[in-house]
Amino acid sequence: MRILGIDPGLQTTGFGVVDIDGQQLRYVASGTIRTTSLALGDLPGRLKILFDGITELAARYQPDAAAVEIVFVNVNPQSTLLLGQARGACITALVASHLPVAEYTALQMKKAVVGHGRAAKSQVQEMVRRLLHLPALPGTDAADGLGLAITHAHVGPAMGRLGAATPLNRRQHAMYKGGRSY
């Protein structure tokens with residue numbers, strides 16, 4: 001199974017692609033999508049860069065599923081709203097690419113990757129490096145994307161066995177494709 005992990009951000013969105021075969025994780029790719037070439041006020045342009053970038057990643061790597069970080073409520077409500085819009089562009093691109101989308105909080109990802117939810121970014125980077133046998137630490141945004149993919153590799157199958165649905169389940173995907181399911 002191939003999983004695409006996305007750490008959304010309006011200026012920098014991290015991504016990671018991981019294959020899982022049984023309990024074996026294998027690194028495929030990671031990096032960032034940057035929108036900093038545009039002015040801060042060009043929100044529609046930045047969202048389009050994110051949408052196009054995620055769509056391209058889905059086409060290039062052909063993942064079976066995607067995992068996206070859930071937005072945390074920031075002290076600054078404007079920042080939270082902007083991050084939510086960036087996240088929406090990412091999720092829309094994934095759904096348009098016909099991918100099932102699971103969502104995890106940063107705390108859930110840190111717990112799955114490091115072992116406790118209050119881990120520092122440097123700890124996430126180091127554990128991602130170890131779990132995927134990387135020669136060097138990935139950047140923080142890419143490490144978060146990889147961490148989300150790893151989280152889904154470990155938690156997603158268990159959720160399926162327990163019958164829990166991801167936020168965008170098959171019925172919802174059918175609705176997005178133009179079908180109806182009640």
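Think of each number as a place in line: the chain as shown, counted from 1.
Cβ coordinates are placed from backbone N, Cα and C, and glycine is handled just like the others.
Annotated features in Swiss-Prot:
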- D7: active site (ACT_SITE)
- E69: active site (ACT_SITE)
- D141: active site (ACT_SITE)
- D7, D141: Mg(2+) 1 binding site (BINDING)
- E69: Mg(2+) 2 binding site (BINDING)
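Summarising the environment of D141 (active site), the number of other Cβ atoms within 10 Å of its Cβ, over all protein chains shown, is 23. Residue density at E69 (active site): 26 other Cβ atoms are found within 10 A of its Cβ, drawing on all protein chains shown.
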